[in-house]
Amino acid sequence: MTTSEVRVRFCPSPTGTPHVGLVRTALFNWAFARHNGGSFVFRIEDTDAARDSEESYQAILDALRWLGLNWDEGPEVGGPYEPYRQSQRRDLHLDVVAKLLAAGEAYESFSTPEEVEERHKAAGRDPKLGYDNFDRDLTPDQRQAFLDEGRKPVVRLRMPDHDLTWDDLVRGETTFKAGTVPDFALTRGNGIPLYTLVNPVDDALMKITHVLRGEDLLSSTPRQLALYEAMQRIGVADFTPRFGHLPFVMGQGNKKLSKRDPESNLFIHRDRGFVPEGLLNYLALLGWGISDDHDVFSLDEMVAAFDISKVNSNPARFDQKKADAINAEHIRLLEPADFAARLRAFLTLHGHLGETVDESVFATAAELVQTRIVVLSDAWDLLKFLFVDEADFAIDPAAAAKNLGADSAPVLDAALASLDAVEAWDAASLEEALKTALVDELGLKPRKAFAPVRVAVTGSHISPPLYESMELLGRDVSLSRLRSARAGVAG
C-alpha cells in the first residue's frame, strides 16, 4: 500500500429501505475514517436498473443526514474522483475491461450454463460446480465460430493458480485455496460490466485503502484480490486495500436479521422516536464496544476508541429491549432545551401538535417526561392532556373504572374544596393543599388519595408529576376537569 491517508467507502445500492445492518456498516466505516483522520467516501452502486430507485437513493441520503454520518466525498458533496454514482462511470469500467483483455488478464467466454453442466456430467463431476474455465484458451478460429453463431461472450478474469490469502482486519488470516474459485464473469453477454468488476475498479480508482463490509461478502474477496493483482499489472490500481468483514446481525432465533423483519427497518426506529445518538450507540454494540462496563457512549467517544481489530467476528444479535434501554439513556443525557426542541419537532411531524403551542409550557412539560420515556413517541400519551382541545379531552375508561368509582366521590369533593381556596396556583401550594385535605384530614393513603385526582385531571393513571401537571394545566382547566369527573361519579 503506497498511500498514508486512510480512505474508506460506504457504497449501498439504492434498493428498498435502509436497514440497520447497512447503517452499522456505514457507522463502522465512518468511525474508522474519523479515528484515523481519513476520508469517508459515499458512493452509490446504482447499476441494477431493474431494482434501483430514486426513492431509495433519497432514503439513503435522508438516513445518513438524520444520523449525522457526514461524508467527505460523494453525491451532493463532490470530490476529486467524481462521479460518485456508479451508473455514471460506465466508460471508466469499460476502459478497464478493454485493458484486461488486451493484456491477457481476461478473456471472452462463450459457454452457456447448459454446456458447462453437460461438461461436468460427462467428466463425472457435480453439474452445479459452476464455470469450468473451458474458454480460457480458445483459438481465434474457435472464437470466430462462436461469434458467427451469434453468441455474445461474457468477459471473465483469468484466476491465478496460487492460494489467495489476506489478513482480515476482523477475522484474521483467511485463505482460499488455488482452484477453488473459477474464472468469474466481469461483464454480461451484452457487454455491461457486473458488480464483480465495477466495485473493485471504483475502489482502485478512488484510492480506497480499507474495505469494511458485511460478512456476506466474504466469498467475493478472493475474486477481488485476483482482480487487484491484475489491475496492478496493467497500471489501473496502485495497491490492494485491506479487507475487514463485519459479523452478521442476527434476528430472533438463529436467523440472520432480514429486511422483512420490522426491527431491521431504520425508519421504523426513527418513527418510534429513537434519537440518532441512541440508535448509533446501540448499532456500535453489534460487534464492538468500548468496554464491558461502558455500554452508553457518545459518537465522539466511539471515534476516539474505535479499533477495527477489536470487532468481534461472532454474529451479533439485535435485541430490541437493549436498543430501547440505550436510547432511553441518551434521551436522559440531552440538555433539557435540546430535548424539548427535538420532542416538539417529533410531535409536530407526527401530527400531535400544531404550529402554535405555548412554548414555555411545552418546555416545562418536556422536562417532566424526559426521564420517563424510552422513545419520543412515548411522550404523547403522557403530555396530551396538556395540549388537546378541551372538547376532545377524555378519561381513559380503564383508568376511570379503577379510580373513579363511588368511593372517589369524597376524595374529589375534598380536593375541589381545598383547591378552590388555593391562592397561588403553583406546584408547592397544590401539594400542600391536597396532602392536607386528602391524607391528613381524610386519612387516606397517598395512592388512594391522589389517584382519582390524577385520573380526573390528566385522563390517565400514568402522567408526569401531579402537582407540576396541574400547575401547567392552570386553575380553570384543572378545576373544570375535577368538577366534570365528580359529576360522573355516583354519590
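Backbone N, Cα and C define each Cβ position, glycine as well.
The range from 12-22, 45-55 that Swiss-Prot describes as motif ''HIGH' region' is residues 12-22. As annotated in Swiss-Prot, region 'Disordered' covers the listed stretch 111-134 rather than the other ranges in 111-134, 135-158. According to Swiss-Prot, the feature motif ''KMSKS' region' maps to residues 256-260, out of the candidate ranges 76-80, 161-165, 256-260, 356-360. The local packing around LYS259 (ATP binding site), expressed as other Cβ atoms within 10 Å of its Cβ over all shown chains, amounts to 12. In the predicted structure, the motif ''HIGH' region' (12-22) carries a mean pLDDT of 93. With helix defined as DSSP H, G or I and strand as E or B, the region 'Disordered' (111-134) counts 11 helix, 0 strand, 13 coil.
Broken down by DSSP into helix, strand and coil, the motif ''HIGH' region' (12-22) contains 3 helix, 1 strand, 7 coil. Through the fold, the motif ''KMSKS' region' (256-260) approaches residues 16-17, 19-21, 248-250, 315, 318 of its own chain, all at least 6 residues removed from its boundaries and within a Cβ separation under 8 Å.
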